[in-house]
Amino acid sequence: MKLGYKKIVVKVGSNVITKADGLPDEARIKHLVNQLAELKKLGIEVILVSSGAVASGRSLIKVSERQDAVSARQLLASIGQVKLINAYSNFFSEHEIKCAQVLVTKEDFRDRAHYLNMKNCLQILLTHDVIPVVNENDVVSVTELMFTDNDELAGLIASMLNADALIILSNVNGIYNGDPKEDGSQVIQEIKGSVSNLASFIQTGKSQFGRGGMVTKSTMAQKVAKLGISVHIANGTTDHVLIALLKNDLIHTHFIPEKIKSGKKKWIAHSETSAKGVVQLNEGAKNVLISGKATSLLPVGIIAIQSDFQKGDIIKIVDENNNLIGLGIAEYGSDKARERIGQKKQKALVHYDYFYAAI
Ligand SMILES: Nc1ncnc2c1ncn2[C@@H]1O[C@H](COP(=O)(O)OP(=O)(O)O)[C@@H](O)[C@H]1O
Ligand SMILES: N[C@@H](CCC(=O)OP(=O)(O)O)C(=O)O
């Protein structure tokens, strides 16, 4: 395959595998599985992140309108996931390939030890030629414990496994420079670095069965590409989409990757929600830290410790206007950091190897 990837994460949106009437599109699932099997046989490691549990559940049970949204989602997903994974399992077995169900929550990515346990689980599946089929555990993930959507989850998995590429399959050909339904709109084929006006092209509405929409896809894609992983957004309802994409023969959106970051930096990058403390910097320290040079965060540039943390915690680093600059692992706790505010020749609070610049 022209793009030469050895390990890919493929995320399939609900819309790709759900028909207009809400029923699961088994022919589409089968066609995707056939392509994944073909890639696997070429020696490419494949991890699938598939949405569709809630949509599948809708085809099996009618939820009373009096039911609250959280309970309805729990009911639909718990029933629907069984149907979804059965479809994958049956179609993969036609190729003599085993797949595994991996259901995760946001909590699984918070603590470093827990994160490494999960990484180990996925790796053991891959070394035994099993295709992990990952989805959010919708039964226990409610409200603030939820991922924004499965695009966020797929970004985390691609970072965790140091994948070469993340392929997001939705029901549009890519990110358009206007409303995808309008004739004049065209697919933006290449996105490099942070494009500040990207969000302005994107309509906030979602497709019929989707959760996060294109805004979260593009934010996540830029972040993952910054960590050194290629991200592709393509149309999963196009026949042979994966094969055409990997042959570099498909119109879609490609986020060009930056230099590969270490595994630990990738984890830090996705840990904003579990950050414990907040440290504020002056303008000079901010400019040095985001310059891309290998510089650690020294107390001389700190102007305030806004909330407490301990040695080893992930901390948020903000500028004078409280905008997020980056995330890092604290080399010592907030008590010592407070004593050293503004002082020269003090030990770095965050070492460069454990700092991720968010801008
Ligand atoms: N500029 C844009 N380019 C492409 N799609 C867009 C754009 N603005 C909004 N969208 C919408 O985003 C939808 C895809 O996001 P989403 O509903 O989350 O899908 P999925 O279920 O695949 O995750 C598309 O169906 C499209 O209607
Ligand atoms: N976990 C949910 C998927 C939620 C979700 O993010 O959907 P989508 O925006 O279609 O990828 C399900 O399986 O129904």
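Cβ atoms are placed via backbone N, Cα and C, with glycine included.
Not measured: the values here are computed from a predicted model.
According to TrEMBL, the ATP binding site annotation covers Lys11. TrEMBL lists Ser51, Asp138, Asn150 with the feature substrate binding site. Look at TrEMBL and you will find 277-350 tagged as domain 'PUA'.
For the domain 'PUA' (277-350), the predicted model reports an average pLDDT of 95.
Proximity to ligand 2 at the level of Cβ atoms, with a cut-off under 6 angstroms, picks out Ser51, Asp138, Asn150 from the binding-site residues Lys11, Ser51, Asp138, Asn150.
For the recorded site, Lys11 (ATP binding site), the DSSP three-state label reads strand. For the binding site of substrate, formed by Ser51, Asp138, Asn150 according to the record, the largest Cα to Cα distance is 11 Å, rounded to a whole number. Counted within 10 Å of its Cβ, the other Cβ atoms near Asn150 (substrate binding site) come to 26, all protein chains included.
Here the domain 'PUA' (277-350) is broken down by DSSP into helix, strand and coil counts: 16 helix, 24 strand, 34 coil. In the three-state DSSP reading, Asn150 (substrate binding site) counts as helix.
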